[in-house]
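Undergrad: Mind looking over this structure? Questions follow.
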Amino acid sequence: MMKLTKLFLATAISLGVSSAVLAADYDLKFGMNAGTSSNEYKAAEMFAKEVKEKSQGKIEISLYPSSQLGDDRAMLKQLKDGSLDFTFAESARFQLFYPEAAVFALPYVISNYNVAQKALFDTEFGKDLIKKMDKDLGVTLLSQAYNGTRQTTSNRAINSIADMKGLKLRVPNAATNLAYAKYVGASPTPMAFSEVYLALQTNAVDGQENPLAAVQAQKFYEVQKFLAMTNHILNDQLYLVSNETYKELPEDLQKVVKDAAENAAKYHTKLFVDGEKDLVTFFEKQGVKITHPDLVPFKASMKPYYAEFVKQTGQKGEAALKQIEAINP
């Protein structure tokens, strides 16, 4: 939210207050779901610091982690009405408004982060989505970052897709995650995230799927001794700014914000890439056995789900899927 300072400045000068202690010209807010120990927060801190430095103190960004301002849907609405300035959202999250955007979370459709970038910025589908974010939702996309890839932990080794059969797999209550479990032959078991550790510990479920950072943060490795690198859903994170905020900034400060967001996204991506490499070593030291099943049968098992997606989303969904599949290696 823009903070108007002209009146304050005039008043301060009349009272003899030094300009050195005056507030920034633009006092902005960045809301996010992630907590203070997360890579997202660390990258947002870097973003805020660079913006302040490069704007010579004209822009001050305060961070609001841990869903203090609501969930991601609520924060996107706040960006639209101008009551919040910045937030994060995954590309797939825009399925809330455009069902075809769920393509970003279809298991095995986005094979790596390079594909994720091309899917968003190079395909006609991606370019159109960015335009709709701007026109319909009142948000400008500043940059995209890698945010981890979902893997599968279990109480038995997963060496091939055959080992998934009958596995009671905890998943969030989201269509794409439920579909992953269902079509690879597991038994999907939706459950609140806060309940997962105990469910794994008591064998109420046999496994779960999450990015490696979440596996470590929640200490699932204490109660699951097998980790299969299933690479089934790649997550990204978009740096978003309210159009109302962005358009009120002078052109030179818009560039400061844009450049800082791109730099923060690179740092964000590095944190996750380096972190995932380190975490594999960490889990091995904790006695977790890492397996690398052949993923070709996993992807092949998703064909019925892709057909279901196309049926639900029509020509837009079909076009999105074809365009992204065309850039997969």
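Cβ coordinates are placed from backbone N, Cα and C, and glycine is handled just like the others.
Below are the features I grabbed from Swiss-Prot:
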- 1-23: signal peptide (SIGNAL)
- Asn33, Asp72, Glu90, Arg150, Arg170, Asn210: N-acetyl-beta-neuraminate binding site (BINDING)
Undergrad: How big is the N-acetyl-beta-neuraminate site in terms of the longest C-alpha to C-alpha distance among Asn33, Asp72, Glu90, Arg150, Arg170, Asn210, in angstrom?
TA: 22
Undergrad: May I ask which residues of the same chain, at least 6 positions away in sequence, place their Cβ under 8 angstroms from the Cβ of Glu90 (N-acetyl-beta-neuraminate binding site)?
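TA: Result: Phe104, Ala105, Asn147, Asn235, Asp236, Gln237, Leu238.
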Undergrad: Which residues in the same chain, at least 6 apart in sequence, have a Cβ under 8 Å from the Cβ of Arg170 (N-acetyl-beta-neuraminate binding site)?
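TA: Expected: Thr189, Pro190, Met191, Val196, Ala199, Leu200, Val205, Gly207, Gln208, Glu209.
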Undergrad: Compile a sequence-ordered list of residues in the same chain as Asn33 (N-acetyl-beta-neuraminate binding site), six or more apart from it, whose Cβ lies below 8 A from its Cβ; state 'none' when nothing qualifies.
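TA: Non-local contacts for Asn33 (N-acetyl-beta-neuraminate binding site): Pro65, Ser66, Ser67, Asp71, Asp72, Phe88.
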Undergrad: Out of Asp72, Arg150, Asn210, which of the binding-site residues has the smallest number of neighbouring Cβ atoms within 10 Å?
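TA: Fewest other Cβ atoms within 10 Å, among the binding-site residues Asp72, Arg150, Asn210, is found for Asp72.
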